[in-house]
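To start, the structure under review is shown below, and the notes come after it.
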Amino acid sequence: MTNMMKALVKAKPEEGLWMERVPLPEIGPNDVLIKVRKAAICGTDVHIWNWDEWARKTVPVPLVTGHEFVGEVVDVGSAVTEYRIGQRVSGEGHIVCGHCRNCRAGRGHLCRNTLGVGVHRPGAFAEYISLPQHNVVAIPDDVPDEIAAIFDPLGNAVHTALSFDLVGEDVLVTGAGPIGIMGALVAQCVGARKVVITDINPGRLALAKKLGVRHVVNAREEKLTDVMRKLGMTEGFDVGLEMSGSASAFRDMIDVMNNGGKIAILGIAPTGFEIDWNKVIFKMLHLKGIYGREMFETWYKMIALVQGPLDISGLITHRISADDYREGFAAMRSGEAGKVVMDW
């Protein structure tokens, strides 16, 4: 093994990413060195490519990007006991402090000192990545590499969907991006009654239908009240999963929620927006923000789901070499792709 590797780097404070040779990551006593097999492009990576306001405020330059991956252990620190060389693994992309109140209470996903892999520290768009052993997750033999490579966004979907009891409930998902589609499929898998997903992008809606979401709605062409009437719903949705970051979608969701309904909010809006808080109050709605994955309960549940009834393979629309990364980012930026997985 040489001391240099190929990596996709945010090398300059401007639009784009660049393939460069960078030093191999060093590992400490508690770290695991992983040879990356496959890595997927996330919406966060697109923000970093675009160098938008969030990226400019958040991402240090230069930085190896990427955080959705699967790979193989090639070296371990002297204190690592849980992982062995040759083992297939992925990793939790949020590095937590371990000493704040939430971490000490077992709520690491709420750590106030979280560092993001590929956002604050070197990431997975590289031949190798180093992670603390606490963040490494073993991948079962019956889970394919390309599915393990998208566990990070699947975890977002699972965390959001399983925030509330869904058995026998009517569920509205706003936003048919990859995470929204996976959230809808999870809801169906665990026993929701009616699951409706909305978007205004025909390509995304077609992908949702292809993957098996039962009720797919173009919000520009059909009113949710009409959809509810067709489905025999008389009182509104019990659970909402907001995956779009769209002000109009969120307002529409509030309008059609049943009294006492629960909304899990993962979609990030580009700017702040107003909602009618009187509706939230008088409907007695429960709003819950979602960030990342519960460590590590979400990982256990999503692995069990893909080993069982949940098939998300159709969500991967582009399989490319890492050298063709520009093509992959173009597909993601077009809004027409599902998941783009790169071979390293």
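Just so it is clear, glycine is given a Cβ too, placed from its N, Cα and C backbone atoms.
Here Swiss-Prot flags CYS42, HIS67, GLU68 as Zn(2+) 1 binding site, drawing on sequence analysis. As annotated by Swiss-Prot, active site, charge relay system applies to THR44, HIS47. If you look up Swiss-Prot, you'll see CYS97, CYS100, CYS103, CYS111 marked as Zn(2+) 2 binding site, on the strength of sequence analysis. The annotation NAD(+) binding site is assigned in Swiss-Prot to ILE179, ASP199, ARG204, LEU266, GLY267, ILE268, ILE290, TYR291.
ILE179 (NAD(+) binding site): 29 other CB atoms within 10 A of its CB, across all protein chains.
Looking only at Cα atoms, CYS97 (Zn(2+) 2 binding site) sits nearest to ILE290 among the binding-site residues CYS42, GLY267, ILE290. HIS47 (active site, charge relay system) and ILE268 (NAD(+) binding site) have their C-alpha atoms 12 Å apart, to the nearest angstrom. According to DSSP, LEU266 (NAD(+) binding site) is assigned to coil rather than to any helix or strand. Comparing CYS100 (Zn(2+) 2 binding site) with ILE179 (NAD(+) binding site), their Cα atoms are 29 Å apart once rounded. HIS47 (active site, charge relay system): 18 other CB atoms within 10 A of its CB, across all protein chains. Between the CA atoms of TYR291 (NAD(+) binding site) and CYS103 (Zn(2+) 2 binding site) there is a gap of 15 Å, rounded to the nearest whole number. In this view, GLU68 (Zn(2+) 1 binding site) is surrounded by 31 other Cβ atoms within 10 Å of its Cβ, with every protein chain counted.
For the recorded site, ILE179 (NAD(+) binding site), the DSSP three-state label reads helix.
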